[in-house]
Amino acid sequence: MSELDSKLAVAVNEKRIFDVAKALRDGASPDAMYKGKGMIHIAAEKNYYVILKLLILHNVSLEKTMSTDTEDDLTALHVAVIHDHNDIVGLLTKAGADVNKKTKNGQTPLDIAREKDHCVHHLENIENLFNNVASGKVPYGISDIDITLFRDSDEKTLVHIAAEKGLNGSYFNQFLLEDKTVLCLKDKNGWTPLHLAASNGHVNTVRFLLKTGAELSPSVIEIAHESVVPYLKNHATEALIEAAFDLNLDGVKQALANGANGSPCLLEAVSEHNRAVTSLLLEAGVDPNEVDEDGNTALHIFLLHDQHFMIFLMSQAMKSLLEKVDSSILNKNGVTALGLAIARGSTDAVLVFLEAGWRDYDNEKFQILALHYASKQGLMDDVSILISKGVPVNVKDEFDKTALHLSCERGHSDVANALIKAKADVNCQDKSGKTSVHYAAENGHKNIVKILIENGCDLNIKDKTGRMPMNSCYAKDWTEVLQLIQTSGVEFNYDMLILDSVAKNDEEMFELALSKTSDITAVIL
């Protein structure tokens, strides 16, 4: 025994209340034992009401048993009954002492009370209270019972028993007027009053408990009677809607765990252009594949109604949405979200869907967009499929670029080869006047320049700045590409070479260009 515990034992035995309080404050254990007895047993035996209260305030174990030469396996409540200390019995029962705790001989405190005719009235009142609630009788006279602590042998409070029996609100109101913490307490099976009401199919009791403040949890849904489940899920859905529009992510996740259907809320948020709530619901894990009465998913609705869809498309929420969306879902008009984006001319949306791996090879508008996208990204399999379907390879985008321009710019030689074999125009110019070889040259893609030369590209075409592919190589220091072009017998646009050599501080090249130019003043000015 520690020095502090020794001081506590002496103070309790000698009824020195101040010293008891001081020892407990300084860290003495309220469960300290002295000659086989706990401090709680000594206080119960000697009728030290104030000391017992101090021990209870410091969380003394009410079920701790004593072991002496003459007495064994007795709790403090047993001891108080034996010594006929009615006030001590009342204090212990209010604190939650188990009136059904048995000794090794099988005796409960009530058995001893009846045998000795001690404290019988108090203990029988408590026993009758539980029996009355269990049989559905109105439990009067409970104001002196702490229902948050007082329990039966199954660790059920009066509220547990009333919930299990499906009693109505008038019973519960007597228990819950001041303290609702009992709604969270669990019996020995880990069940709250709500668990018991739900498992027994008492819908009205479930409704009352939830309205009063009981917390719904997945374990309640799991054990609930089938007649109660729809109400519980509806309650969870209402909680989800409230949490979503409060932007309470944890609340939404909890509601989903409780069986809430988040899809109607998601569809509503999308139709109202509420991106904050939409993002929250998607992050929480709401299924984006549920549909409205027209068969539209959340993505369909976005495409139909949101004028600034691209802003949302680029957000993290949309990226997570696309990972979960079933791209094959058709609305009642037989249109997928991708098909809707194509039909509405939402090119940016289509490109985002392409990036997410969506395909619709039989849609003509998709084919053209897809060919440009696949050529730019070097997706050879997609390019081959699209070419095999007869997609025109020389169709231009908004900048007049063809698929060949895009593949040459990015250096995808296999794609460029396939497009050329499919009759792509190697000399087609975009809005800047550049051909495919301009892009290949200025980006240093030697292999593609070679392919284009072999397939008859015109190396003398100038872009709108006057540069030929050869000039572009020089300006970007692509020496090997420059040498390759020079072997084809092509010369520079020397007017542009003057400007580029000055910019690069290349005196030798400047002299060469100067010797080939008749009017340097016109070039420089």
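Numbering starts at 1 and runs along the chain as displayed.
Here the Cβ of each residue, glycine as well, is placed from N, Cα and C on the backbone.
Just so you know, TrEMBL annotations are computer predictions that nobody has curated.
Per-residue confidence over the repeat 'ANK' (72-104) averages 84 (mean pLDDT, predicted model). The feature repeat 'ANK' is assigned by TrEMBL to 72-104 (among others).
Among the features that TrEMBL reports, repeat 'ANK' is placed at 189-217 (among others).
Taken from TrEMBL, the feature repeat 'ANK' covers 370-398 (among others).
TrEMBL lists 399-431 (among others) with the feature repeat 'ANK'.
Sequence annotations record features per position, and here TrEMBL assigns repeat 'ANK' to 432-464 (among others).
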Give residue numbers and ranges for long-range contacts of the repeat 'ANK' (432-464): same chain, 6 or more residues beyond its ends, CB-CB under 8 A.
399, 402, 404-405, 407-411, 413, 416-417, 420, 426, 470, 472-473, 475-476, 478, 480-481, 484-485, 488, 490, 493
Three-state composition of the repeat 'ANK' (189-217), taking helix and strand from DSSP:
17 helix, 0 strand, 12 coil
